[in-house]
Amino acid sequence: MRVYLGSDHAGYELKNHLVEWLASAGHEPVDCGPHLFDAEDDYPPFCLRAAERTVADSGSLGVVIGGSGNGEQIAANKVPGARCALAWSAETAALAREHNDANLVSVGARMHTTEEAVSFVETFLNTSFSQGERHRRRIGMLADYERTGELPPVPAHHPQASSQP
């Protein structure tokens, strides 16, 4: 599987480790940078590229890495069609694929050991979307909102919030 990777300075070493691990596991890693360590690097240039390339390459997945993974996830999710989930356990990595059909995973390099981070990525890559109707419906609502900017309707059995002056 082709896997696009991007990081900031805090995720640089883990990204490089994952590139090697992915290749040894038979995957095709594509390193979207950074390609040298710079403690002043910002994550958007690299994570946005990884997300754009993942979305454009049907069947691929992506990994973005930073200190916490939060900013990298936010950046990736700015790309239309990207569904990036922050993984902090193998279970959250699996659920990102099973329930959310995530096409990218974000990992915090300062939050986990290298072995833990590899296990999250491995779980993410080896887990398929469940195709569950409720999950497809929810993903569809988000895709429609992303495309149109129109909010999905609130279900009729829920009280509507009163309008604020």
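One is the number of the first residue shown, and numbering goes on along the chain from there.
Just so you know, glycine gets a Cβ as well, placed from its N, Cα and C.
The D-ribulose 5-phosphate binding site feature in TrEMBL is assigned to ASP8, HIS9, GLY67, SER68, GLY69, ASN70, GLY71, ASN100, ARG110, ARG134, ARG138. Non-local contacts of ARG138 (D-ribulose 5-phosphate binding site) by the CB criterion (under 8 A, 6+ apart in sequence, same chain) are absent.
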Local backbone state of GLY71 (D-ribulose 5-phosphate binding site), from DSSP in three classes: helix
Collapsed DSSP category at ASP8 (D-ribulose 5-phosphate binding site): coil
